[in-house]
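According to Swiss-Prot:
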BINDING   T28, G29, S30, T31, D81, G82, A83, D84, K94, G95, G96, G97, K121  substrate binding site
ACT_SITE  E103  active site, proton acceptor
Amino acid sequence: MSADDQKRISGEAAAELVENGMVVGLGTGSTAAWFVKALAARGLKDIRGVPTSDATAALARELGIPLAALDDVKTVDLTVDGADEIGPGLSLIKGGGAALLREKLVWEASTRCVVIADAAKRVPALGKFPLPIEVVRFGHVHTGYRLADIAAEFDLPPPRLRTAERGMVVTDGGNLIYDMASGKIEDPTALAAALKSVTGVVDHGLFLDLADEALVGTDEGVVRLQP
């Protein structure tokens, strides 16, 4: 089974968790897109989707899913989103799609969070996938210097500003992304705290103690994982 098929079946399994009347957080990325498509196909009544990016909002509108802003709901019943890595205890690296801030805001407003992924996303330790760090544009070079100091404290390479063909990658919120490649993050909790202490850092892609369940697509079907 291809990785894309594994993503599809995990998204379809997650769509079965949604019930009529729910407020649903809609994740961002290729795996989350499969969930959004499967959710639309179910034709549930009175659901509202809270998108985590402009791209997800556009897809949901195209498929006819009613949307709500996060500020217009008191609680999100269920959020389904992908991940770049799934480590021990359902610790996650997210943000490869440059939507980590809005994703984390929706996750933290949710009663239940389910991560979906293909089998390759499961890892024994976080860090092979570059850790995204969202920073404000003003003074970002100096913020990068401070991030490099933190990286050195954790025996990690210095982060690099994420760029694309047209220049710097800019998030939906107008911020920039630095990626901290490592190979292995020995202490994700300590690193998360250190990154958040830097003025200019909006947030980072370490999602710790947030996922309630993972649905991982494999060649044998969907595997359910608990923290």
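In case you wondered, yes, glycine gets a Cβ from its N, Cα and C as well.
Under DSSP, D81 (substrate binding site) is assigned to a strand (E or B) in the three-state scheme. Around S30 (substrate binding site), a 10 Å sphere centred on its CB holds 15 further CB atoms from the protein chains shown.
Taking the C-alpha positions, the distance from G96 (substrate binding site) to the residue listed as 'active site, proton acceptor' comes to 11 Å.
It is 8 Å from the Cα atom of T28 (substrate binding site) to that of the residue listed as 'active site, proton acceptor'.
Shown are the binding-site residues K94, K121; the one with the most C-beta atoms within 10 angstroms of its own C-beta is K94. When the alpha carbons of K94 (substrate binding site) and E103 (active site, proton acceptor) are compared, the span between them is 9 angstrom. Spatially close to A83 (substrate binding site) yet at least six residues away along the chain are L92, I93, K94, V115, A117, K121, F207, A211, A214, judged by Cβ distances under 8 angstroms.
Spatially close to D81 (substrate binding site) yet at least six residues away along the chain are G25, G27, T28, G29, A32, T52, K94, E103, W107, C113, V114, V115, I116, judged by Cβ distances under 8 angstroms.
All protein chains considered, the CB of T28 (substrate binding site) has 29 other CB atoms within 10 Å. Maximum intra-site Cα distance, substrate binding residues T28, G29, S30, T31, D81, G82, A83, D84, K94, G95, G96, G97, K121: 16 Å.
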